[in-house]
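Enquirer: Sending over a structure as structure tokens; questions will come in a sec.
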Amino acid sequence: MATENASVPEFILAGLTDQPGLRMPLFFLFLGFYMVTMVGNLGLITLIGLNSHLHTPMYFFLFNLSLIDFCYSTVITPKMLVSFVSKKNIISYSGCMTQLFFFLFFVVSESFILSAMAYDRYVAICNPLMYTVTMSPQVCLLLLLGVYVMGFAGAMAHTAFMVKLTFCADKLVNHYMCDILPLLERSCTSTYVNELVVFIVVGIDIGVPTVTIFISYALILSSILRISSTEGRSKAFSTCSSHIIAVSLFFGSGAFMYLKPSSLLPMNQGKVSSLFYTIVVPMLNPLIYSLRNKDVKVALRKTLSRSSFS
């Protein structure tokens with residue numbers, strides 16, 4: 001992903017805390033979070049793959065959301081866990097740039113897959129008669145391609161400018177992962193261009209999906225209020241409320257971290273904020289989308305009954 005930097009061949013990740021008494025409790029806490037994330041997302045991927053009645057556009061995007069959450073949790077959490085049990089959590093320069101690239105690829109992809117899911121719900125609720133035509137397999141694949149293209153473009157933009165920087169001899173990165181802002185703090189050269197890229201690219205990666213989602217849900221809310229059936233209105237609200245919770249957690253914590261002036265957000269507070277979109281959201285997404293979802297519950301019962309009779 002990147003050649004070694006002549007000034008700094010490696011970094012030391014500070015981790016989440018420097019208090020020895022908190023390290024082991026935090027290790028087991030985040031190990032538990034990671035296991036729940038893995039089981040939840042792999043379970044949802046398996047359920048969607050094995051049950052044909054879930055092979056719809058909504059679950060096509062949910063399948064990819066779970067895949068993204070699984071992947072970027074795997075990019076971040078294992079290295080974070082190492083920081084709790086080792087004196088120095090060392091990561092090579094190339095390893096750091098690789099982690100940065102894949103973290104950004106998956107996190108940007110998630111922001112756009114959430115907007116694709118909002119559009120899917122808009123079509124399903126506001127134009128149900130045109131749903132199968134509008135959300136055809138070809139359209140779904142094009143939307144998914146757009147999601148991953150935006151993820152690649154965002155990750156490449158940040159990483160390409162990051163590898164051009166010269167880093168200071170102080171190798172300590174005040175974070176539990178290689179993220180943009182803590183790495184910029186370690187640069188001995190001007191970071192003006194990088195900060196401009198952060199402002200533009202993050203603005204697009206948060207702004208465009210957020211506007212898309214808000215417009216979609218404003219139209220959905222307007223349509224729901226016109227539904228005469230109480231049961232139909234309740235079902236529509238139930239379907240959308242879970243998505244709104246996930247979106248609020250993800251974009252709220254991301255915007256708080258990246259779009260606030262660094263002078264107003266000390267890095268230690270930034271680490272806590274980043275826990276929401278790196279650890280908490282990937283863990284909660286399978287629960288949010290499945291606990292109140294009748295289709296997923298039916299699929300789980302069918303899968304368990306098949307396995308018990310096999």
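The backbone N, Cα and C atoms fix where each Cβ goes, glycine too.
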Enquirer: Would you confirm whether, in Swiss-Prot, Val8 and Leu304 belong to the same side of the membrane?
Expert: no
Enquirer: DSSP-wise, what's the residue breakdown of the topological domain 'Cytoplasmic' (120-140) into helix, strand and coil?
Expert: 18 helix, 0 strand, 3 coil
Enquirer: Restricting to CB pairs under 8 Å, which listed stretch, 28-48, 56-76, 141-161, 196-216, 239-259, is in contact most with the transmembrane segment (271-291)?
Expert: 239-259
Enquirer: Which residues, given as numbers and ranges, are at least 6 beyond the ends of the transmembrane segment (239-259) yet have a Cβ under 8 Å from it?
Expert: 107, 110-111, 114, 117-118, 121, 125, 180-181, 198, 202-203, 206, 209-210, 213, 217, 220, 224, 265, 270, 273-277, 280-281, 284-285, 288-289, 292-293
Enquirer: So which one is it: of the disulfide-bonded residues Cys96, Cys188, which has the fewest other Cβ atoms within 10 Å?
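Expert: Each of the disulfide-bonded residues Cys96, Cys188 was scored; lowest Cβ tally within 10 Å is Cys188.
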Enquirer: What does DSSP say about Cys188 (disulfide bond): helix, strand or coil?
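Expert: The residue in question, Cys188 (disulfide bond), is coil (DSSP, three-state).
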Enquirer: Looking at the topological domain 'Extracellular' (260-270) alone, can you tell me the average pLDDT?
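Expert: Across the topological domain 'Extracellular' (260-270), the average pLDDT comes out at 59.
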